[in-house]
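Student: Quick one: the structure is below, questions incoming.
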Ligand SMILES: *Cc1c(COP(=O)(O)O)cnc(C)c1O
């Protein structure tokens, strides 16, 4: 591994602490950082600041993104090829093959009614666009009063203002932004558990609550927005496909659109290509991001049905009012296309099942440990929920000492490993998490 032009890790880390915001960070009390000197396959190479390099399996896949691992030769080549042609052009009045081919592929693999694609820079922006589509759709249908979103508690949809307004009000810290955030309509969180039966009393109570909220607010709501099957950054919380069916029916009954945010769940993570497939329902608007480019570049997309596309296009504005500078960036489109093709060219579903089984058996012993409240696995996502907040620094270090990188939050230590992890690497991940928790929180 080459050292960066002689600058010591210690110096870089010191500059970082003075200069840089990190996600949800304080500049007054910067938290410890690790310096990445390289990454290949499933492993990060970290500089410990004292000149030593340690290797760690990235059990987070860089927050859901890096499904094929780092420096994948196919993805590297796709990027290089596109660099040799052109790296960026404006998308106003100009188009290019990478965007067209990627859009075609996404339409092909997404739920059947989904036919049109808007490319943007990040997941949050794709949710902004989804909300804008829904609002313009309702205006076009003469429902100007329908300006709110209906969602459930416990969700996460991004950090810009419109997505933030549909995040869980408590974990999304809405109290900090009172007056600046649109007040949306919140229903209760779906009852937990992917396997919860459809005649379960808690499920029935939840369905009844949602039905009455939807009926009460129908004239002010444009769309229902949720993360299907698995709420991610809101709490790594799986729920039953039956809940999604309820939401689809309510949307149809009241003339609302159903927006599914599959930014975390898309591209196989929960065991189906899109999580909505577990429920056998289709969205009107679909957001994808994160693993879209195999983790190489920031890009997301908002997809929609022909009804949504043409209703909005024929509406009062005569256009969808959005157009980012880096819309459909050719480098991002090229690497995304390569990543999607790479995923589909293999038996990804078998890989996700294999990882799922490894996570389930490897994390099972954690359920017996003192201080552990719940262990759950859905697809290639494994979660250990503790009885209280995780000591982030202690836990990160204890897991890292065992050769694994995790980033716990709140009361959760969790992993969504790259799909290329071997059984042995999955065992290393689950072993490191279990042992670190056994040491005490
Ligand atoms: C990460 C995430 C977002 C936001 O995506 P960014 O690229 O971070 O803006 C939105 N929705 C869900 C479900 C996510 O997991």
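From the backbone N, Cα and C atoms, a Cβ is placed for every residue, glycine too.
Note that TrEMBL annotation is computational and uncurated.
Found this in TrEMBL, in case it helps:
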BINDING   63, 156, 290, 323, 407  substrate binding site
BINDING   123, 124, 261, 324, 325  pyridoxal 5'-phosphate binding site
MOD_RES   290  N6-(pyridoxal phosphate)lysine
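Would you situate these features in the structure and describe their surroundings?
Tutor: Cβ-based neighbour count (10 Å, all protein chains) for residue 156 (substrate binding site) stands at 23. In this structure, residue 156 (substrate binding site) belongs to neither helix nor strand by DSSP; it is coil.
Cβ neighbour count for residue 124 (pyridoxal 5'-phosphate binding site): 21 (other Cβ atoms within 10 Å of its Cβ, all protein chains included).
Summarising the environment of residue 290 (substrate binding site), the number of other Cβ atoms within 10 Å of its Cβ, over all protein chains shown, is 28. Taken residue by residue with DSSP, residue 290 (substrate binding site) is part of a helix.
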Student: Measuring Cα to Cα, how many Å separate residue 123 (pyridoxal 5'-phosphate binding site) from residue 63 (substrate binding site)?
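Tutor: Residue 123 (pyridoxal 5'-phosphate binding site) and residue 63 (substrate binding site) have their Cα atoms 12 Å apart.
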Student: For residue 261 (pyridoxal 5'-phosphate binding site), identify the closest of the binding-site residues 63, 156, 290, 407, judging by Cα separation.
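Tutor: Checking each of 63, 156, 290, 407 against residue 261 (pyridoxal 5'-phosphate binding site), the shortest Cα distance is to 156.
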Student: So how far apart do the substrate binders 63, 156, 290, 323, 407 get, largest Cα to Cα in Å?
Tutor: 34
Student: Quick one: of the binding-site residues 261, 323, 325, flag those whose CB is under 6 Å from ligand 1, and say none if nothing qualifies.
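Tutor: Among 261, 323, 325, near ligand 1: 261.
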Student: Out of 123, 325, 407, give me whichever of these binding-site residues has the highest number of other Cβ atoms within 10 Å.
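Tutor: The residue with the densest Cβ neighbourhood is 123.
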Student: Can you give me the same-chain residues 6 or more apart in sequence from residue 324 (pyridoxal 5'-phosphate binding site) with a CB-CB distance under 8 Å?
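Tutor: Sequence-distant Cβ neighbours: 120, 121, 125.
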Student: Out of 156, 290, 407, the binding-site residues in the record, which is closest to residue 325 (pyridoxal 5'-phosphate binding site) when you go by Cα distance?
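Tutor: It is 290, whose Cα lies nearest.
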